[in-house]
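Written below as structure tokens is the structure these notes are about.
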Amino acid sequence: MISIWGQIQNILEKSLNPGLFKVWISPLAAEVQDDVLRLVAPNEFVAAWVRDRLLDDIVQAATTVLGSAPTVVVDAAPQGAGSLSPRMGRAGASASAAVPGANAADGTQPVPAVQISSAVQAVAARSASGVGARAAHVAQPSQLGLPLDMPAPNRALNWRFSFDSFVVGPNNELAFAASRGICRETLSADTLFLSSGPGLGKTHLMQAVGRALCEASNRAAPRVEYLTAEEFATRLIAALKAREVDRFKARYRDVDVLLLEDVHFLQGKERMQDEVLATVKALKSRGSRVVLSSSFAARDLKNLDTQLVSRFCSGFLAHIDKPGFETRRRILCEKARLHQVMLPDNVTDLLADRIRTDVRQIESCLHNLVLKAKLLNRQISMEMAWEVLGHYAQQEVVMDFEGIVRKVCEGFGISPKQLNSRSRKREYVVARNSVFYLARKHTDLSLKEIGDRFSRRHSTVLKGITSIEREMSRETPLGRQVTNTLSLIERNGRITYP
């Protein structure tokens, strides 16, 4: 009988380029416990490559096999480990000291982990240099694979944003100043809490802080850890299962700056909250700085431990509002400059006037406009801008709650009765969460008032909104479906323009 990991590998083997599968998926060992899929790579080089480039493909394949999206953890095998767990591997693989990848059915023998480690690095090096030779003989390695410990966090991160590319306006100037202040240690508080709706610049500022600190020119540059609350929880689960909690604690409590995004994800997860609270306390006691972000103001995080909320509120609180017309216009000009195009003034004004929801939509609209002009080899014009705008929610949509419910039911093909039911059927849950998300975005209803309409608790609404935001941020079939459906509802469901 093919193991769960074997089934997942079969799907990946069909969907991925053969070279990608052979080099990066075959060497992985696997263990499935509850809703966690733990993958072990021969070394950190392979583990990091898989995390950065193939994690979404693995999650998608695992979801197909398991029926629900698991938490996927990719770790490197400890240095000098003679074998991997007997429970790990592909169907037919030996329970001895081997990494899966050899198929017992074809008569080949499993290859020891350290040998695969050497082979993988050799194949990757040849691929990068343009040499297409196939891996034939696995040479005896001259040294063991990299240890589990990652290098200094600063060097392991890839910062996409900087303070220089952040467009400052009345809506975000306080958050911008506070973020720069915590880098320069001119902010009187050692904790900064950033909050805003999705797509308004939290991630940009968080990464700008990390980048500014890591680019310090002296050798005393601070140690920085940057991750989301979901990643923190995933790594904690992996540490608990591997009985390496002390190692986990040492890693996150021994940094100079912790950047933790999307802390609203922690709601309802008591074990995770306890660890975050202990980590924040430890960091503050050693004089470290902590920067947190959330899609909700700290006061709205009512399903968190009161001590944790108190810690969040004890620092400097900075909220980012939606950008005004002039700020949106300057954002368009800055992004056009990065695209190396000259945007006509009338087109700039049109886009700035019509897209008011968030910065991410502004950037996406401009990107599609520039791409369309390049593909058609035409100049950007008002006519082309209007065509591209048809795919976006123009101006801030004004809908009432009943209208949102009606449009969501139409969009997801379900009835209001099914929407209000207690069923945990996937399409009903996604539709309900979509109503929560749109109601918070387009009405003045509080989270409690939204929950009351469905006879649900405040925490259920908060969790639903977080779930939708997480799906929309992922490049998965479900994420794309949710994004497209909600965009269509917003475009067709507007009543008036403000």
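Glycine too: its Cβ is placed from the backbone N, Cα and C atoms.
Copied over from Swiss-Prot, here are the features:
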- 1-69: region 'Domain I, interacts with DnaA modulators' (REGION)
- 69-155: region 'Domain II' (REGION)
- 156-373: region 'Domain III, AAA+ region' (REGION)
- Gly199, Gly201, Lys202, Thr203: ATP binding site (BINDING)
- 374-498: region 'Domain IV, binds dsDNA' (REGION)
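For the recorded ATP site, residues Gly199, Gly201, Lys202, Thr203 set the reference point as the centre of their Cβ atoms, and the other residues of that chain within 8 Å of it by Cβ are Ser196, Pro198, Leu200, His204, Leu205, Ser293, Ile320, Val359, Arg360. Mean pLDDT, taken over the region 'Domain III, AAA+ region' (156-373), works out to 89 on the 0 to 100 scale.
In terms of DSSP secondary structure, the region 'Domain I, interacts with DnaA modulators' (1-69) contains 42 helix, 11 strand, 16 coil.
With DSSP states grouped into helix (H, G, I), strand (E, B) and coil, the region 'Domain IV, binds dsDNA' (374-498) comes out at 84 helix, 2 strand, 39 coil. Within the same chain, residues at least 6 positions away in sequence whose Cβ sits under 8 Å from that of Gly199 (ATP binding site) are Thr357, Asp358, Val359, Arg360, Gln361.
With a 10 A radius on its CB, Thr203 (ATP binding site) counts 19 other CB atoms from all the protein chains.
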